[in-house]
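What TrEMBL says about this one:
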type     : residues  : note
TRANSMEM : C:6-25    : transmembrane segment
DOMAIN   : C:7-80    : domain 'Glycine transporter'
TRANSMEM : C:32-52   : transmembrane segment
TRANSMEM : C:64-80   : transmembrane segment
TRANSMEM : C:92-111  : transmembrane segment
DOMAIN   : C:93-165  : domain 'Glycine transporter'
TRANSMEM : C:117-138 : transmembrane segment
TRANSMEM : C:150-170 : transmembrane segment
TRANSMEM : C:176-195 : transmembrane segment
């Protein structure tokens with residue numbers, strides 16, 4: 001794993017842990033509940049990716065990820081409390097950062113382990129979206145991916161662009177920077193201007209026998 | 001894998017992807033969200049089965065399953081939109097087909113990999129119900145298995161009957177046809193006539209200290 | 001696995017299966033739905049633990065766990081129906097017992113398989129809380145871990161105390177008894193007196209662009 005990738009992976013862990021801790025603050029969890037929700041959000045996607053790739057789970061091999069999450073949770077509890085009221089958008093932006101970073105990191109790891117390109121794109125998407133999905137499902141909130149603003153597309157762009165650029169021989173670092181930036185800008189733009197793609201909507205009628 | 005089994009597995013993937021895409025249409029997802037929900041529904045059960053069996057996950061080995069889901073999602077978006085209003089029962093029937101097919105396919109794969117019979121029945125049930133469960137949980141809907149109409153039983157009948165018939169030396173194809181048909185008819189009958197088994201119901205009283 | 005550990009593991013399976021069956025009774029599931037919900041609750045945590053440890057899943061290797069769950073479900077249906085009304089606290093207490101037992105059993109298995117201490121504490125917590133989480137998520141109920149009473153802490157105390165006592169050379173049986181008791185008393189006290197830790201609560205304000 002290149003140095004850039006390592007720092008981005010840690011940064012993704014921090015922002016997803018932050019998003020989990022912020023969600024925990026909405027639900028008035030105690031500090032240990034905060035740590036659990038932050039952990040699930042931060043490692044959920046990568047854990048599923050590693051299980052599916054049948055490679056050792058990253059935080060079992062490198063337990064320092066757990067300390068990163070612990071420290072992020074504690075700092076969130078200490079510092080986010082100070083301003084009393086934080087903008088609602090904080091959680092969305094932390095989630096967007098994590099989404100973009102993990103989608104690319106996930107695709108990179110999958111390709112490095114020999115997965116074919118479509119599988120790598122799917123596993124990148126899984127890495128990017130699954131942690132936040134579990135966070136939202138546990139909190140009984142409709143997951144962000146099921147709301148209208150561009151979310152699934154941003155994750156797929158992240159992993160997909162990385163896979164394509166790597167395929168065309170870009171250096172890993174350049175491919176990472178471009179694909180993370182593309183996914184992040186797309187998602188942030190969707191949040192900021194509330195952009196959505198045209199929805200697929202069906203109307204169902206009851207049809208009694 | 002016999003040819004029959006292969007076609008049924010693909011057909012199960014198609015109908016579960018369809019059920020996920022239809023559910024996505026209820027929630028007005030954008031096309032990429034439709035693909036995600038269709039994928040989760042179609043591969044969720046088999047992925048959990050393969051992880052538990054510690055065998056390579058089927059769609060990582062054979063990525064064409066992903067193309068099948070992609071094409072199904074696109075066709076659903078294109079064609080289901082045309083009639084404007086579709087019967088509500090469409091999703092239920094697609095789910096029933098997938099349930100019956102995957103319960104038998106899951107039990108077959110488990111037995112073929114050497115799992116003992118009770119484990120094969122459980123993993124057949126998991127294969128049949130887990131994808132739809134994840135679909136429903138993500139959409140914040142009570143999973144079908146927790147509603148009264150015969151659902152868990154249909155999945156167990158599918159896998160169980162296949163396991164028993166194989167044990168008694170039936171040819172694989174005959175065992176598949178009989179057990180898929182039994183599970184499907186049972187579930188469709190339950191949907192059509194709204195049949196339920198007698199429920200286990202408890203009444204709880206508050207008991208303050 | 002020591003004899004004590006074996007019996008506690010079976011007992012944990014029974015009480016979690018009971019908690020799943022009681023929840024099924026609230027939702028008026030049919031007997032097969034009861035078995036499914038009891039199974040998911042009883043094996044969910046241990047299955048995720050074994051997958052993450054990449055060791056064979058316990059109930060695939062030892063299918064008698066499935067019979068224990070089946071019998072517990074049937075006995076629950078038969079006997080819990082008799083008194084017509086049971087105290088609401090039954091489910092909470094069964095869940096607390098399972099939580100304490102599985103957190104310690106999970107930490108022990110992780111350490112025995114060579115996991116470092118922080119990973120063992122996390123996997124103990126996962127073993128203790130995941131089954132109940134899945135049960136609650138399937139029933140569209142906010143998981144107990146996200147309510148205020150001490151829950152995550154109890155699970156961490158269970159696994160953490162066991163890991164620490166083992167590290168300091170205590171005999172396995174003594175370490176098990178002390179850590180299960182500590183986790184259980186903590187959780188039961190929190191249920192009984194409705195004790196909570198101080199919550200982390202944030203106030204968010206809308207921040208339109």
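The backbone N, Cα and C atoms fix where each Cβ goes, glycine too.
Values in this document were obtained by computation on a predicted structure and should not be read as measured data.
Within its own chain, the transmembrane segment (C:150-170) has Cβ neighbours under 8 Å at 96, 99-100, 103-104, 106-108, 111, 117, 120-125, 127-129, 144, 176, 178-180, 182-184, 186-187, 189-190, 195-197, counting only residues six or more beyond its boundaries.
Using a Cβ-Cβ cut-off under 8 Å and counting only residues 6 or more beyond its ends in the same chain, the transmembrane segment (C:92-111) has close neighbours at 5, 8-9, 11-12, 15-16, 18-19, 22, 41-42, 45-46, 49, 53, 117, 119-121, 123-129, 131-132, 144, 151, 154-160, 162-163, 166, 172, 176, 179-181, 183-184, 187-188, 191. If you look at the transmembrane segment (C:32-52), the same-chain residues 6 or more away from its ends with a CB under 8 A from one of its CBs are 13-14, 16-21, 23-25, 58-59, 65-66, 68-70, 72-73, 76-77, 98, 102, 105-106, 109-110, 123, 126-135, 138-139.
Sequence-remote contacts of a segment are chain residues at least 6 beyond its ends whose Cβ falls under 8 Å from one of its Cβ atoms, and for the transmembrane segment (C:176-195) they are 4-5, 8, 89, 92-93, 96-97, 99-101, 103-104, 108, 128, 149-151, 153-155, 157-162, 165, 170. Secondary structure of the domain 'Glycine transporter' (C:93-165) per DSSP, as helix, strand and coil residue counts: 59 helix, 1 strand, 13 coil.
With DSSP classes pooled into helix, strand and coil, the tally for the domain 'Glycine transporter' (C:7-80) is 64 helix, 0 strand, 10 coil.
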